[in-house]
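Asker: Before I ask anything, let me first share the structure, which is written out below as structure tokens.
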């Protein structure tokens, strides 16, 4: 029993960064913008979070720094694609390349240093409950943030007027503009929200998952988060399901390596990436589902008439 | 007091000017609209009508000039400002969101923050009271163009505007639907609302409007009372000179001529969630004749064109036969090699690549049929030969342009369409299929294109024209068939066809067909 | 304040040429600011980056070695990007080219004759093309997003290389180091002028590929097909060109060129397989492709510039103790500025104050609907 709970907890820890980054990107894509820079924003959040945590001695300040750096970095993308109408695919790629370079440069001095870890929740009486206690009441704070974010985004998109406006922009920015909706402003806010989420996800990696700085520690999670948004057909709660499936794959291959299964570790390590491909193929085979849900103006630059 | 109020027009426009680069789209426009007046804005495509109303609705910013609202100068900096003033707009190309419901679409332009369910109830009530029934919970993507227009109108009315701008509202309706729209507009006028009515259809302007302002090349060329004018005097004001009428000699001996395009039991499943399936379409087009296909937009014309052109191939090879040969499984290139030519509805991005030069766009549709002259060994491109051919087409079709070989996107709609049609005519195709030959094209270019299509048919080719413009079809066709919900009626010889019959067919009035459940009986 | 873009009636020929240069200057300025913030004298840092690595003949050879894979890969990618097909997995195709091309020298080291090298190069190209065919197939058959699949396959290729070098192909006499046997002379890509430096035939391959692809893109129907399908796919379909076939063509061409770059690097510069055979050439080549304006001849110049940042990174590390990651930052910034400057080709940019009314004429063509 204990080992099941332990595995569940590690799955949650592995799934949380994927979930947060994907939820952020979901909002961005719902507004009609494709930001392929998730990996770059995530790694910037990781290095910023670790650095701020290490220098101030406070994991919480580290977390704030991670969010702020992610948001700031996404602003760069926003200015390029929204104000200068650059190609979103190429700009997102360059954001990732820049993020990997910057984080490597900034993190040179952090390699091998001990980091700060956010403490797990502890509520007397609840955390110690049998079976469910630790899972529900004994995890790190970012776990709870991730669930709240999912619920919040689901509520925002489908229950509020601003969410409706955001979805309408993703469906047709031309129509939205004709109605007097400020397309660019909404998209700026969506992109920055996505950046903050990616930064937070990166902070989770360097403040909770493995509290240290390792170059390229995001290891493709930003890209998997992008795939999760497609897999979830742009629905928040489906992102949560997808993130936990991927968390399970990620943890599963680690455990398989630890148990000495006679398969080369490199092959096991490639499983999450292969799983991503399989999942993408499965979802894209369902044409109706993808066509009905893909924001129609996704990835297209918008320059308002004046 | 009351008399003073009446003297002040609801809307006054003085010297309004908008410049795009070297083009003055609107040049010192003056215009007044009184309360309770239906005012027509007349002009050709490209005369500046859309630019003017976009400035009135706050979508475009004027370069200079004044707008007066109830006598007070105002700056309409955004559609939000226009809505607050009391200006509502029904767009020509609807500003609707396909993935959202009708109620959600309406909610987006109301700023009162009330829940969707309340808005849906209001919209339903209002729509029935105006005889424009609407189901607020339906997805816009599933609706017909007529139904979409109702959403736009209801959305506009829910904002209780004093001035309603309608941009070419009848261009997407059947004659019967248009009549119902006129009744609604009459009622709005009787409620004291003002209407700015943009159209190039002169008969309906004469019937509906109290006054008219005519634009040509961005300038006001006159104000008049349309009821005192004739359609031809209005047309002269719009165009500036007499437009050569299209001449259509009766086709001789067509009944016995060879069938060059033969369509048999053509069916197609919907390719995307919002597209229309085709059901058992049969049609013969013979040498020497022009067959027209009428229909309201979105009834399967696009799907039909794709299936005939070979952009989408059929499982059944005999469903499309060109010059007696099975072509259903051939690609568009294969069908071209059999002698067919095609002109799609969308000019930019379908019939032509916008960023490419005209000579490159010539190669686009003719690299296979003219491979011998256009291509060298190993697939090299003979640019000089192609440029020569492009210049030949430019001359034959009188294409006006700013550079020797400009990018397609830099041409006006009419001139680009002349080039695209000319590109196919230059091949002297045996079968020509054209979708919307003169959509958004000025009167001179339209007449040129229509005449060229008739002459192609009379020289022994089979011509099939798909169009939503009934005037055009009656002008050029020898017989008209109607497409509705992916089905095609039997072609009616032009002598037996009239607007009323064709209009009813366009609305789906065939024996045994049930009306839309929301349609009042 | 906000930026306002005004569409030009025609694309600006002037800025088409100027934009990469403006981007390069902006990168130098931003780099100087960065160095100043790091507490390094910008002048000496830029000197170390861009001048020092070019001061001796043997260093020019090193530049050719670094530029060759970048040019080869970027030329292939330019065809993809022109066709609006987003292959970002060139790094993986490079690695697969290296692995497949190494089958002969690693498993039959005694097979030494005039055929071995051409066979290796051919197999490298086949390996890269075959690996690129996977995302192409998934895109053509299932419409699966090629950006994500081609990128995921990079991680898979890296892990495969790591396994193969540590496992089945490890040199038995290599003291347990993760490496294969050294290639024989017959399996080694010859150097061009051995007396003055290490540059090998890989650079010649790059130049030949650039010229051939340039001819294809500008003079042949195939290039026309690429450009039409990339700029307006519906017009391409109307022309009778197939999007699905183009996906395969572009992916496999760029995969083959990346694979050729991979085996050239392995057989020339490295001479054996190691757990890592690329300092991110496949990703840097994306920058090269854009800096070269997706024009194969421009890519040759851009490849030399980006190759220089690798050498500069090494020299600055040695001379000033700067992290070698600075080179990657430089590369990232350069791409950013290139993309930003490209906006000038299609638009004029105007800064608008929020409150001041605009009085100057707005310039724009008739709106396109």
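Here the Cβ of each residue, glycine as well, is placed from N, Cα and C on the backbone.
Taken from TrEMBL, the feature transmembrane segment applies to A:6-28, A:33-54, A:60-85, A:92-113, A:141-158, A:188-210, A:216-234, A:241-261, A:267-283.
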Asker: Can you work out which residues elsewhere in the same chain, 6+ from the ends of the transmembrane segment (A:241-261), have a Cβ less than 8 Å from its Cβ atoms?
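Answerer: Answer is 7, 10-16, 18-19, 22, 224, 228, 231-232, 268-269, 271-272, 275-276, 279.
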Asker: Using Cβ atoms and a strict cutoff of less than 8 Å, what residues sit near the transmembrane segment (A:216-234) while being 6 or more residues removed from its termini?
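Answerer: Result: 17-18, 21-22, 25-26, 29-30, 36-43, 46, 96, 100, 104, 198, 201-202, 205-206, 210, 241-243, 246, 272-273, 276, 279-280, 283-284, 289-290, 293-295.
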Asker: Which residues, given as numbers and ranges, are at least 6 beyond the ends of the transmembrane segment (A:60-85) yet have a Cβ under 8 Å from it?
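Answerer: Long-range Cβ neighbours of the transmembrane segment (A:60-85): 33, 35, 37, 40-42, 44-46, 48-54, 91-92, 95, 98-99, 116, 118, 142, 184, 187-188, 191-203, 206-207, 301-303.
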Asker: By Cβ distance under 8 Å, which residues at least 6 away from the ends of the transmembrane segment (A:92-113) in the same chain are close to it?
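Answerer: Tertiary neighbours of the transmembrane segment (A:92-113) are 34-44, 46-48, 50-51, 54, 73-74, 76-77, 212-216, 222.
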